[in-house]
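Per TrEMBL, the features are as follows:
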{"type": "TRANSMEM", "residues": "28-51", "note": "transmembrane segment"}
{"type": "TRANSMEM", "residues": "63-83", "note": "transmembrane segment"}
{"type": "TRANSMEM", "residues": "95-118", "note": "transmembrane segment"}
{"type": "TRANSMEM", "residues": "138-159", "note": "transmembrane segment"}
Amino acid sequence: MIFGHLPAGYITSKLLLRKCYNDSINPGAFMFWGLFGAIAPDIDLLYYLLIDPFEPRNHHHTYVTHLPIFWLTLLLISVFWLLLQRNRGKNQATFFIFVLNGFIHIVLDTLTGHIFWMSPSMDNAIFWIADTSAETNYFTHWTFALELLLILWALTEWYKSAIKKRAKRNNPIT
């Protein structure tokens, strides 16, 4: 998946913010950390492209930021932190959305990318659907249609949010 991570992170962040909002959560910070979490696993691309470009045997999905065990561990920590803190403060919420969107990134990559779900015990990459996009034009592959759906859904969520903000500005009493 190339374009779908950020829209998926936006959708998840918006839906959770709508469901769990309270006065202790800063919506801007919540959305920022949610969007950053959605692309955080791909930070390893910087290392892959800048430091490790001459080692083609290493795919960036082999680095720690693409290992599900890394994100599952952080997700468990964030859930326990949320459960331990009754007030559900902004730090717990922003950490949770960051990690949740990082984990969703890994799940989305598993559709066609090789993700090492059993690492470190096994070095077998897992993908749910064989990736034939290398053999065909990516923009005609069905996964691109899935990414377009995520983009359209995110744009719809953004548009609904913008309409609500505009209505609030025009009618400050409600």
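Heads up, the Cβ atoms here are built off N, Cα and C, so glycines get one too.
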Discussion item. What residues elsewhere in the chain lie close to the transmembrane segment (138-159), defined as a C-beta under 8 angstroms and at least 6 residues from its ends?
Written reply: 1-4, 6-8, 10-11, 14-15, 111-112, 129, 131-132
Worksheet item: By a Cβ-Cβ criterion of under 8 Å, what residues six or more beyond either terminus of the transmembrane segment (28-51) are in contact with it?
Response: 5-6, 8-10, 12-14, 16-17, 58, 60, 63-66, 71, 90, 93-95, 97-102, 104-106, 109
